[in-house]
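> According to Swiss-Prot, the record shows the following:
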BINDING   85, 87, 255, 329  Zn(2+) binding site
BINDING   85, 87, 255, 329  Fe(3+) binding site
BINDING   94, 157, 190, 258, 334  4-imidazolone-5-propanoate binding site
BINDING   157, 331, 333  N-formimidoyl-L-glutamate binding site
């Protein structure tokens with residue numbers, strides 16, 4: 001019989017329960033199921049009980065076997081955070097572009113001059129799979145220290161069949177050997193590479209007719225994404241790629257209406273996309289159609305913050321009944337952060353979402369955006385024991401005390417992987433510092 005873990009008497013247990021079948025929308029987004037002085041009991045990899053501490057003690061009295069107690073007094077307990085939009089696997093860095101943008105260059109002008117995504121593509125193509133895996137593990141380590149237990153990871157920095165497959169194989173490897181679960185998305189249509197600049201339709205055909213079948217044949221991704229944007233992929237090109245993806249079992253996602261109102265939100269509704277992401281310039285009609293179709297809006301306030309632009313109109317989407325999720329958009333050009341808690345801060349401060357809304361958007365709704373809501377995203381009996389203890393007296397403090405990492409303990413599938421804010425090495429359960437590129441070391445993980 002598995003040892004029971006008793007997370008005892010947290011100041012608050014934020015369950016976000018009751019929305020595993022469909023995401024929270026409208027006023028329900030603020031209903032996050034807070035249990036004051038609550039406790040959670042974990043058995044093996046699953047949550048066995050969540051409720052008041054008095055009820056937890058009664059539950060334990062009826063059980064036999066060993067019980068390990070983790071004192072949670074003075075802390076709050078939430079579901080493991082879920083990041084539904086990252087560009088995790090890449091090589092290189094683009095810090096020089098920050099100075100370019102500060103001097104007036106736009107994101108698209110940098111891209112069209114061969115920088116931006118194309119700069120990262122050059123580095124990623126040149127990197128070996130081992131190099132990509134090493135750099136990406138370090139990013140996952142930092143995600144974990146910020147309370148993120150599941151991430152989505154897109155390809156899109158290969159922009160050639162072999163390089164795209166390389167990225168996706170690395171993501172699959174990381175899912176197998178790192179505590180953070182990695183859910184893969186194929187995004188060969190992230191930009192037009194230089195060799196196809198004079199024949200963009202030819203590249204679209206390559207993505208749809210060569211890349212997608214190979215991705216599906218190797219079962220390397222669950223979703224297909226496309227950058228539907230002026231100067232990148234047209235609505236017609238985007239629809240063709242997404243429909244071809246659907247034929248091969250890849251569920252559609254869209255980078256939509258980030259820079260201009262371009263019809264991406266409307267296309268997301270038309271093709272039945274799981275999510276439309278960015279949406280800074282989404283039209284009122286597009287928002288209405290997304291609500292009717294149940295398309296999740298994955299909002300990325302960190303990208304708007306870093307690019308110094310106005311964020312998406314989260315309030316209009318929530319009031320229209322669009323399910324809203326939050327994400328870091330971790331990437332080297334427009335959102336170089338692994339701190340989903342900081343993104344939650346930005347959602348409050350720049351998009352006027354409430355502390356309750358951002359918690360739901362970063363847990364259960366984010367889980368819906370990657371098809372994992374039946375297993376993660378809330379604290380309910382039978383779900384995976386992905387949990388975070390924050391060193392905070394209440395959940396409001398997480399958004400009030402902004403840009404501070406208050407993660408104390410992270411549990412993944414019933415195993416403690418972060419304690420006292422520090423990663424634990426699974427092989428001997430000894431504390432180790434966060435690996436960095438300079439130290440060249442990392443925790444050894446095996447699922």
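Glycine is treated like the rest: Cβ placed from N, Cα and C.
Would you situate these features in the structure and describe their surroundings?
Annotation for residue 85 (Zn(2+) binding site): spatial neighbours 152, 154, 275, 277, 298, 300, 327, 328, 329, 369, criterion Cβ-Cβ under 8 Å with sequence separation of six or more.
Classification of residue 255 (Zn(2+) binding site) by DSSP places it within a strand.
Proximity of residue 94 (4-imidazolone-5-propanoate binding site) to non-local residues of its own chain (separation of 6 or more, Cβ distance below 8 Å) is seen for 115, 116, 119, 120, 332, 333, given in sequence order.
Other C-beta atoms found within 10 angstroms of the C-beta of residue 157 (4-imidazolone-5-propanoate binding site) number 30, with every protein chain shown included.
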> Test of understanding: give the count of other CB atoms lying within 10 angstroms of the CB of residue 334 (4-imidazolone-5-propanoate binding site).
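So the Cβ neighbour count for residue 334 (4-imidazolone-5-propanoate binding site) comes to 23.
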> What binding-site residues among 87, 190, 255, 258 are found with a C-alpha within 10 angstroms of that of residue 331 (N-formimidoyl-L-glutamate binding site)?
87
> Quick one: which residues besides 85, 87, 255, 329 have a Cβ within 8 Å of the Zn(2+) site's Cβ centroid, in sequence order?
86, 154, 277, 278, 300, 303, 327, 330, 331, 335
> Quick one: pull the CA-CA distance for residue 190 (4-imidazolone-5-propanoate binding site) versus residue 255 (Zn(2+) binding site), whole Å only.
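The separation of the Cα atoms works out to 9 Å.
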> In Å, rounded, how far does the Cα of residue 334 (4-imidazolone-5-propanoate binding site) sit from the Cα of residue 87 (Zn(2+) binding site)?
11
> Roughly how many Å lie between the Cα atoms of residue 258 (4-imidazolone-5-propanoate binding site) and residue 87 (Zn(2+) binding site), rounded to a whole value?
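Cα to Cα, residue 258 (4-imidazolone-5-propanoate binding site) and residue 87 (Zn(2+) binding site) are separated by 16 Å.
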> Return the residues near residue 255 (Zn(2+) binding site) by Cβ distance under 8 Å, restricted to its own chain and a separation of at least 6 in sequence.
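Set apart from residue 255 (Zn(2+) binding site) by at least 6 residues yet with Cβ under 8 Å, we have 225, 226, 227, 228, 229, 264, 277, 278.
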